[in-house]
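Undergrad: When I checked TrEMBL for this same protein, it listed these features:
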{"type": "BINDING", "residues": "Lys75, Lys99, Ser354", "note": "substrate binding site"}
{"type": "ACT_SITE", "residues": "Lys111", "note": "active site, proton donor"}
{"type": "SITE", "residues": "Asp151", "note": "site 'Important for catalysis'"}
{"type": "BINDING", "residues": "Thr195, Asn226", "note": "NAD(+) binding site"}
Amino acid sequence: MDLSYGNDSHGAWQTYLAQIDRVAPYLTHLSDYINTLKRPKRCLIVDVPIVMDDGTIQHFEGYRVQHNLSRGPGKGGIRYHPDVDLNEVMALSAWMTIKSAVVNLPFGGAKGGVRVDPSKLSKRELERLTRRFTAEISPIIGPQKDIPAPDVGTNGSIMGWMMDTYSSSVGYTVTGVVTGKPIHLGGSLGRVKATGRGVFITGRHIANRINLPIHGAKVAVQGFGNVGSEAALLFADAGAIVTWVQDHSGTIYNENGLDLPKLVQHVAEHRGVKGFADAQVADDEDFWDASVEIMIPAALESQITVDRAQRLKAKIVLEGANGPTLPAADDVLVERNIVVVPDVICNAGGVTVSYFEWVQDMASYFWTEEEINERLDKLLIQAINDVWSSAEEHQCTLRTAAYILACERILEARQERGIYPG
Ligand code: GLU
């Protein structure tokens with residue numbers, strides 16, 4: 001199926017700018033500083049040449065964008081995907097700025113990526129690509145400057161290579177330069193599952209608020225990677241029935257509920273849901289007509305278009321992905337009384353545990369998984385409650401409410417720091 005990003009008219013950066021325009025009227029005197037958020041602070045484009053296993057040399061284009069550093073070092077993942085471009089990385093970095101501020105983490109926002117299909121590289125090629133990319137962006141990253149993490153197409157092993165490459169260049173081990181690392185290299189317990197867990201925690205909380213029972217609710221999930229699969233498992237544990245799953249390989253459904261542990265196993269072996277035995281196959285577009293109460297887009301940007309928003313049956317949309325809903329589709333969902341738990345809080349569990357990982361690395365003292373999950377639950381519940389109250393106060397959507405909270409925090413910092421030189 002086509003999980004591509006849509007055409008230029010709804011590029012991810014345009015989506016982000018439309019979101020900022022919607023929040024501006026609520027910011028009173030701080031709106032004088034709004035242009036700070038409409039342009040990234042720093043964009044680095046790098047050429048990444050690597051020697052392939054057959055001896056030829058291939059060049060890949062890589063990026064690291066630091067959108068805003070007013071509240072602390074840059075923070076955000078590295079994406080390996082064939083559609084990565086500057087427009088997308090800029091948007092993803094900006095959403096990190098907003099996300100860190102909504103949860104009140106002491107970070108700015110950044111993001112990086114390489115335009116590459118990682119499934120087409122051997123393990124050694126992937127390692128060479130990662131090490132050369134890290135060397136190219138190393139002038140602007142560092143534990144006090146900008147801290148990468150996994151995103152679509154990257155994982156713990158890749159973070160381990162990044163940490164090792166950066167450490168080799170400075171001459172000592174710097175665990176805190178990236179998060180999402182393997183446990184033995186200063187990684188945090190609970191990090192891998194944290195994003196999916198956050199989708200569940202925030203989703204359940206808002207479902208309770210709108211009197212939508214989880215027990216017996218039907219769920220559709222787009223994307224069955226790290227985020228979608230964990231969220232699906234947690235909803236199923238809470239009594240929901242996951243009936244539809246779609247990923248890059250196809251769309252499957254079982255109205256009695258998919259056997260998730262078996263599906264996880266199948267995806268690990270076959271790299272996609274296609275061919276799963278205990279389900280029926282559907283056309284990809286039919287996914288958006290699924291008769292479910294909960295819809296979880298947990299793949300890529302620009303998936304919920306106006307047309308799909310008009311067809312959705314769900315009562316609540318949980319944005320596990322970054323930027324899955326186009327601004328015009330957001331309006332349709334409001335009209336149709338479908339509640340959206342926005343990405344900047346819904347998928348913030350990952351960066352929150354990344355923050356815990358960075359703190360643990362700084363202190364060289366590590367917490368138990370129970371401690372991590374307890375702290376994660378507490379921070380996310382605090383943040384989602386703040387967002388809910390802000391939405392009530394301003395009579396706006398949860399997305400605009402989250403942006404109000406975040407933009408106030410970022411622009412207060414901007415104002416107090418002042419403009420250099422004065
Ligand atoms: N890539 C994840 C996100 O989009 C995590 C970023 C991080 O942990 O820094 O939120």
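Cβ from N, Cα, C; glycine included.
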Undergrad: Here the recorded positions are Lys99, Lys111; which one has the lowest number of other Cβ atoms no more than 10 Å from its Cβ?
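TA: Looking at the recorded positions Lys99, Lys111, the Cβ with the fewest others within 10 Å is that of Lys99.
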Undergrad: Using a 10 Å cut-off, grab the number of neighbouring Cβ atoms around the Cβ of Thr195 (NAD(+) binding site), all chains included.
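TA: Step by step: centre on the Cβ of Thr195 (NAD(+) binding site), count other Cβ atoms within 10 Å, giving 28.
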Undergrad: Per DSSP, to which secondary structure element type does Lys99 (substrate binding site) belong, with helix, strand and coil as the options?
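TA: It is helical.
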Undergrad: Within 10 angstroms of the C-beta of Asp151 (site 'Important for catalysis'), what count of other C-beta atoms is obtained when all protein chains are considered?
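TA: Here the count is 24.
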Undergrad: Can you see whether DSSP assigns Asp151 (site 'Important for catalysis') to helix, strand or coil?
TA: coil
Undergrad: Please report how many Å separate the Cα atom of Lys75 (substrate binding site) from that of Asn226 (NAD(+) binding site), as a whole number.
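TA: Asn226 (NAD(+) binding site) has its Cα 19 Å from the Cα of Lys75 (substrate binding site).
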Undergrad: Setting Lys75, Lys99, Ser354 aside, what same-chain residues sit with their Cβ within 8 Å of the center of the Cβ atoms that define the substrate site, listed in sequence order?
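TA: In sequence order, the nearby non-listed residues are Gly76, Met96, Ser100, Leu105, Phe107, Gly109, Ala149, Ala348, Gly350, Val351, Thr352, Tyr355.
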